[in-house]
Structures are given as C-alpha cells and as structure tokens.
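Engineer: Dumping the structure here so I can ask a few things about it.
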Amino acid sequence: MLEHCLTFGRSLVRRKNVDQGCLEESKLCRCLSTVDLIALGVGSTLGAGVYVLAGEVAKGSSGPSIVVSFLIAALASVMAGLCYAEFGARVPKTGSAYLYSYVTVGELWAFITGWNLILSYVIGTSSVARAWSGTFDEIIGGHIEKFCKMYFKMSLPGLAEYPDFFAVCLILLLSGLLSFGVKESAWVNKIFTAVNVLVLMFVIISGFVKGDSLNWNISEESLVNITVVKRNISSAANVTSDYGAGGFFPYGFGGTLAGAATCFYAFVGFDCIATTGEEVKNPQRAIPIGIVVSLLVCFLAYFGVSAALTLMMPYYLLDEKSPLPLAFEYVGWGPAKYVVAAGSLCALSTSLLGSMFPLPRILFAMARDGVLFRFLSKLSKRQSPVAATMAAGTTAAIMAFLFDLKALVDMMSIGTLLAYSLVAACVLILRYQPDASFERSRISEGKEEVGESELTESESHLNMLKDGGVTLRSLLHPPLLPTENTSSVVNVSVIITVLVVCVVSTLNTYYGQAIIAMELWALGVLAASLFIFIICVFLICRQPQTRKKVSFMVPLLPFLPILSIFVNVYLMVQLSGDTWIRFSIWMAIGFLIYFGYGMWHSDERKRHLQNCAVATEKKTLTGNEGFVENKTHTEKTSPC
C-alpha cells in the first residue's frame, strides 16, 4: 500500500525532460522576429486600460502621484518579467509558465498552471471582445445595444443583458486569422500597435503642451471649497475635503501604494511572448529582449499618459470612464476625442489579439505532452495549431455571446498571479540545481537511465534525510558547486518561504487592525513569520548556484524572485471570497480531466514506463548471463 502511495506521489512530481541538443527543433513555423515579439508584448499589455485606468486611479487613489503608482507597478511587473525572460532563454519552447513549471516542479503543478492560464486567456479574450463591441457601439450612438435589447433581451441570472453577436464575429474572425498563420497575424498586430503608440504619443505631447504644473500642486483650501460647493454647504468650517489634502500626494503615500496595486494589472500581458518559443527566430535572445523592451515601452506610455492627463486638468475633475476626451475638451481641443477613439479601438484590437494568441499555444503544448486531449495538438499545413485555435475561439465566442463577464474578470487575476509566482519560484529552484538534473538528455534507445537520474525532488529530499547529508556545518559552509543536498535545501526553503509569505499577506490583509492595535497574538505570529522568512532567505543565499550561463539571467538572486512572489501572493490574497469559490469550481473540473485522462496519457509517464521496461530487461539478461557463467565455472571445476 505504501509503495503504491509513493508511486502515485512520484507521478505527480515527475518532471519534463528537455533535450538541450534539440531546443531549436520545432514543428511550428519559425517566422517571428524580435520586433514582432516587442509589438506583441506592447500590443497585449498596452490595451484599452491606458485610456481608462489613469483617470480612475488618479481621481480615487493617487492624484498626480499616479506617475509614482505606475513606477511602483512597473517595478513589480519587471520582477516577474525578468523571471520569464530567464526561462525563455533556458527553455525556448511553446508553453510559457506551464512548460517552465513542468521542467522544474513537476507535472501536477504544471497542469494547474496551464489550466489557470487557459481560464485567464479565455475570459480575457471574451471580455476584450465585448469591450471592443461596446466601444464601437458607443461611437455609432448605441444602436447595436438598443436593437439587441429590444429583440434579444435575456433575463437569466449570470447571463448578459443581451447576446453580443458583434463580439462573436470578432473572435471568430480573429480565430480564422490565427489559423491562417502566425506571420500574417504578426503583421496585423504591428499595424494596430503602431497606430496605438502614435495616438498615445499625440496624447502625451498634447498634455505637456497644454498642461499646467499648478494642477500638480492644488492647495487643500481649494479642495475644501470645491467640496463645499459640491455638497451645497453654506460654511466651510469643519469641512473635510473629499479629494484628499492637495499637493502631489493628496491621498498620502498610502493612496499612491493603493493605486500601484491597481496599476499592476495594467502590465499584465507580456507573458504572451513566452508562448512563442517555437515560432521565433533565435528565441534564446529574442524572448528576453522582447519581454524587457515591451515592459519598458509600456511603462513609458502609462507614465506619459498619466502625467499628461493630470497636467491638463485637475485630478478631481477627471472622468473615471473616459478621462482623455473630457481632458481634451477641458483644454479646448474637443475634436481630439476622435483621435482618442481611434486609438482606443486599435488598443482593444491588439489586446484582443494578445489574449487570443497565447491561448491555442498553451492548449497545443499541454496536448502535445499528453496532459490534455491529443487532438488539440493537430497542426495545419502552414504549421499553425489549427485544432487548438478553433477550440479556443469557439469557447471564447460562446462566453462572449452569453455570459456577463464582469463577475468572472477577477478570476483572470488568480491565473496570472499564480503563474507569475510559480515562474519566480521555478527560477529560484532551477538556479540552485546541479546542472545534470536539468540538462540530461532524453534516454537513447537501449540505454539504462533508471536510478539516481530518475529521482524526483521529493525522493532527493528523502535521500538527503536518510543519508544524513545535511548538517549545520554543511548548511553554513556548502560545497562550491550545487549538489542534490544543496538543491534540496533550497527547495525546502522556497516552499517554507512561500508559506510564510501567504501567512504574512493574510495577516496584513485581514488582521491589519490587530497589528496596529499591538495585539500580542498578531505581533507574535508576525515576528515568528519574519524570523522564519529571514532564516530561509539566509539559507538560500548560502547555497551554491549553477555555473551554467545563458543569454539572460535574473539579477539580484534570490531577492528579486522572492520579492516578486511576495507581491503576487499579496495581490492574490486581496481577491474576494466569491472569486476563490469560482476558482475552486474551475480547478475541480481541471482535476477531473487530469486524474481521469492527463495523468495516464502523459508522455513523461510513457517514457518512464519504457525506461523501467528497458532496465528490467537488462537486469534479467545480466542475471541470466551470470547464471550461465556460474554454471559453466561449476562444471569446469567439478571432480566428476
């Protein structure tokens, strides 16, 4: 019974073997350049949020200090981006965070990551398609909405007010474009991205030309007077401003940090670059450059637009839904709103492509590995994942057609933040592993590689304890090169660190008042957590790193990945309970698929069974040869 449980546990953490000699091989068409990747990352990340988010955050959270909010959010996003960039250099294959988890922490975590990325991209595609439809309808006077509400109104809970035929057509059109070929899709994306960037440059330049620096230093007295007028009060005595204390930080630095948490989601989308590993030329160089440059461009755009917006008009007058058209009207440039509308549609188009593009590639990678249904890995004559693309498009179209996606959008955040956290943890684990544990090639025919090379991480932990390989001296004075023992120390420390981060994030979010009130239990839990955290980080720092060099490596290890994990976990804890319930339902469906199909059809399971069969056969042959030799020797020495 125990042996069966151990075998089952090992199967959950079996890792994907990557042949280092075949990293450049691909069944997909390698036709994308570094510029294509930058355009894809910028287009996906710099969506319609740049036209809306700045007004919402500036008015309600940050004021003029929204530029600092975007800077903090950009730094947090860059930490995740650098982790993706290193993995893109190490494993330039299709699959993004799913693949990175598979080669590092095992099959079950890889499936969880991939399954959540599928959810994120499906909801993202559907919601952006509906937003595109709504924006276009608003430009033409709302005729589509009026017509659909009149003839196709739906009154069922959970469903949209009316079916969005326009959004369905958009998704199906995009699916056809992606099925036709990635090269053509990249050209369309570059055109829309270029228009979007040009419009944003126009907005930024206009803002600095027509802006007034006094809008960054509004006095508290002025804000109180405005509050009095708004509330229709006769006297300003004992009246507190509704718009903060004025100045550059009207809501304090706490408001700036709150704005940064919202702005963080504006940088989500760059991870689509990591799914192009088998379709880009020179991926080990292009993927890191694409991720870093696209994040830099997006930060400059968000920083510039938010600065221009808050310079053009006082932050308390900004419109939360469409701030840019109102700002241009405020400075007397009303017709500029049509330029903004064109840019908004282009931004939505690139964002739609950025959500749709990685979805079939995640499906393709999982199906090719056998953890999802095999038919999804079928390729067209143009080397495009046509089956996965059509399945993804159909699913997203149905959701956009029927469902009210507002309640589901928060679920996107769980999938994205979980992927970010896992990739950061995987970078930590991988950098402290012995080279052979990652770089061993696939087993050639007839070669036995069962034994130490087949040990999973959990097995190495058991061996470490059994052999007594870790002492206080070895922890503080480890060898110069990574070993199984030093790798296991890092793995255990990373797991404990993540658990401590979860505890601290939960404590700060739900029991922050207890900490402020200096309650003993809260201070005790916080102090113990911080002590364990410091010990774990210290132990990780003491262990040797691999000397294997790649084209890009995350700097400031282990601090930068750990900080990235903290930011991502903290943001996940902020999500509502309803979101986590919906997430649990989605995961339950995923586990049914994995334990009912994927676990038994995985390529890694087949490879392991083949290796075991070869090893058993060799052992049998060796035993027979020994028996024959022994028998011959006995006959020769027998006195008879």
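Just so it is clear, glycine is given a Cβ too, placed from its N, Cα and C backbone atoms.
Below are the features I grabbed from Swiss-Prot:
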- 1-36: topological domain 'Cytoplasmic' (TOPO_DOM)
- 37-57: transmembrane segment (TRANSMEM)
- 58-64: topological domain 'Extracellular' (TOPO_DOM)
- 65-85: transmembrane segment (TRANSMEM)
- 86-102: topological domain 'Cytoplasmic' (TOPO_DOM)
- 103-123: transmembrane segment (TRANSMEM)
- 124-161: topological domain 'Extracellular' (TOPO_DOM)
- 162-182: transmembrane segment (TRANSMEM)
- 183-190: topological domain 'Cytoplasmic' (TOPO_DOM)
- 191-211: transmembrane segment (TRANSMEM)
- 212-247: topological domain 'Extracellular' (TOPO_DOM)
- Asn217: N-linked glycosylation site (CARBOHYD)
- Asn225: N-linked glycosylation site (CARBOHYD)
- Asn232: N-linked glycosylation site (CARBOHYD)
- Asn238: N-linked glycosylation site (CARBOHYD)
- 248-268: transmembrane segment (TRANSMEM)
- 269-288: topological domain 'Cytoplasmic' (TOPO_DOM)
- 289-309: transmembrane segment (TRANSMEM)
- 310-338: topological domain 'Extracellular' (TOPO_DOM)
- 339-359: transmembrane segment (TRANSMEM)
- 360-384: topological domain 'Cytoplasmic' (TOPO_DOM)
- 430-486: topological domain 'Cytoplasmic' (TOPO_DOM)
- 487-507: transmembrane segment (TRANSMEM)
- 508-519: topological domain 'Extracellular' (TOPO_DOM)
- 520-540: transmembrane segment (TRANSMEM)
- 541-551: topological domain 'Cytoplasmic' (TOPO_DOM)
- 552-572: transmembrane segment (TRANSMEM)
- 573-579: topological domain 'Extracellular' (TOPO_DOM)
- 580-600: transmembrane segment (TRANSMEM)
- 601-640: topological domain 'Cytoplasmic' (TOPO_DOM)
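Describe the structural context of these features.
Structural biologist: Remote same-chain partners of the topological domain 'Cytoplasmic' (1-36), defined as residues 6 or more beyond its termini with a Cβ less than 8 Å from a stretch Cβ, comprise 91-94, 99, 102-110, 181-183, 186, 189-190, 276, 278-282, 284-286, 289-290, 369, 379, 382-385, 438-442, 456-459, 599, 602, 604-605, 607-608.
Looking at the topological domain 'Extracellular' (58-64) alone, the prediction's average pLDDT is 90.
With a threshold of 8 Å between CB atoms, the same-chain residues lying at least 6 positions outside the topological domain 'Cytoplasmic' (86-102) that come near it are 15-16, 18, 23-24, 26, 28, 109-114, 117, 271-280, 283-285, 287-288, 291, 358, 361-362, 364-366, 369, 419-420, 422-423, 426-427, 430, 550-554.
Assigned with DSSP, the residues of the topological domain 'Extracellular' (124-161) fall into helix, strand and coil as follows: 25 helix, 1 strand, 12 coil.
Within its own chain, the transmembrane segment (162-182) has Cβ neighbours under 8 Å at 28-29, 31-32, 125-126, 129-130, 132-133, 136-137, 144-145, 148-149, 152-154, 188, 276, 279, 352-353, 356-357, 360, 380, 382, 384, 386, 389-390, 392-394, 396-397, 400-402, counting only residues six or more beyond its boundaries.
A Cβ distance under 8 Å defines the sequence-distant neighbours of the topological domain 'Extracellular' (212-247), meaning residues of its chain 6+ beyond its ends; these are 63-64, 255, 310-316.
The C-beta environment of Asn217 (N-linked glycosylation site), restricted to residues of the same chain at least 6 apart in sequence and closer than 8 Å, consists of Gly246, Gly247, Phe248.
Summarising the environment of Asn225 (N-linked glycosylation site), the number of other Cβ atoms within 10 Å of its Cβ, over all protein chains shown, is 14.
For Asn232 (N-linked glycosylation site), the count of additional Cβ atoms within 10 Å of its Cβ stands at 6 [all protein chains shown].
Same-chain residues at least 6 positions away in sequence with a Cβ under 8 Å from that of Asn238 (N-linked glycosylation site) are not found in this chain.
Among residues of the same chain six or more beyond the transmembrane segment (248-268), those with a C-beta under 8 A of the stretch's C-beta atoms are 45, 49-50, 53, 56-58, 61-66, 68-70, 72-74, 76-77, 216-218, 223, 295, 298-299, 302, 315, 413, 416, 567, 571, 574.
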Engineer: Under 8 Å between C-beta atoms and at least six residues away from its ends: which parts of the chain pack against the topological domain 'Cytoplasmic' (269-288)?
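Structural biologist: For the topological domain 'Cytoplasmic' (269-288), the nonlocal Cβ contacts are 23, 26-34, 36-37, 40-41, 44-45, 47, 77, 81, 84-97, 99-100, 182, 294-295, 298, 351, 354-355, 357-358, 361-362, 365, 416, 419-420, 550-552.
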Engineer: Please list the DSSP helix, strand and coil residue counts for the topological domain 'Extracellular' (212-247).
Structural biologist: 16 helix, 0 strand, 20 coil
Engineer: Is the transmembrane segment (520-540) close to the transmembrane segment (103-123), in the sense of at least 3 CB pairs under 8 angstroms with a sequence gap of 6 or more?
Structural biologist: no
Engineer: Taking 65-85, 191-211, 520-540 as candidates, which has the most Cβ pairs under 8 Å with the transmembrane segment (552-572)?
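Structural biologist: Selected stretch: 65-85, with the most Cβ pairs under 8 Å.
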Engineer: Please count the residues of the topological domain 'Cytoplasmic' (1-36) that DSSP assigns to helix (H, G, I), strand (E, B) and coil.
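Structural biologist: Counts, helix then strand then coil: 17 helix, 1 strand, 18 coil.
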Engineer: Where Asn232 (N-linked glycosylation site) and Asn225 (N-linked glycosylation site) are concerned, what is their Cα separation in Å, rounded?
Structural biologist: 10
Engineer: Give me the stretch from 37-57, 65-85, 191-211, 289-309 with the greatest number of Cβ pairs under 8 Å to the transmembrane segment (339-359).
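Structural biologist: It is 37-57, which has the most Cβ pairs under 8 Å.
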